[in-house]
Amino acid sequence: MTHQTHAYHMVNPSPWPLTGALSALLLTSGLVMWFHYNSTILLSLGLLTNILTMYQWWRDIIREGTYQGHHTPIVQKGLRYGMILFIVSEVFFFAGFFWAFYHSSLVPTHDLGGCWPPTGITPLNPLEVPLLNTSVLLASGVSITWAHHSLMEGNRNHMNQALLITILLGLYFTILQASEYFETSFSISDGIYGSTFFMATGFHGLHVIIGSTFLIVCLLRQLKFHFTSKHHFGFEAAAWYWHFVDVVWLFLYVSIYWWGS
């Protein structure tokens, strides 16, 4: 930063946006191939490309922010605005799923038997695994807040413990959600109920996996002393994202599991 006369980060040319776009193309094309032809070659290639891109892109950002000092207060302010806009876009993404659900459930057509859940669908009991999942995510929201406060106070041990607890709760939620999918009496192809249920809860599960990965990276960085009480936006962004995942699940639980059953 000594050779600059301003506080802004002039990003160097990077191949990762291009490889990220390529991995997204391979992932979506691979999903189509998997769904229609039961072939996982393209999907596996997309996952591998995506993982490699994430690793190397995160590596570059950590190098720029932690070791090269490019993330000045002005740059961090821009990153915060970017993260807020990203979460807002995710809100509208899930709003589409809720719209589809309520559009179909509030005025069920004759094809659905004139009722909701549709005739022939046995919904999951909202007081069993879904309620446990809700408790797990709410507990993880408490632990991530504990981790944030510990970081602000400079308490490394509590920060490490709270962050590890949050990650374990996220993994536990993912396992419970996967086991629930195997126990359902309906599938994604069982009309509008199956489609909206698995699309909404499945994409939320994907966001939990993404958030857990985000937190694992933060834990590894915390163990390497990358975060301080005044310079920790990477963790702060992960915490915001995790709270967003918590809130979305509460709406999913109330709408699809409880009211929709």
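Residue positions begin at 1 at the first shown residue.
Using N, Cα and C of the backbone, Cβ positions are placed for all residues, glycine too.
Going by Swiss-Prot topology annotations, Thr40 is found on the same membrane side as Ser187.
Per-class residue totals from DSSP over the topological domain 'Mitochondrial matrix' (67-72), listed helix then strand then coil: 1 helix, 0 strand, 5 coil. Residues of the same chain lying 6 or more positions beyond the ends of the topological domain 'Mitochondrial intermembrane' (35-40) include none with a Cβ under 8 Å from any Cβ of it.
Across the topological domain 'Mitochondrial intermembrane' (35-40), DSSP classifies residues as 3 helix, 0 strand, 3 coil.
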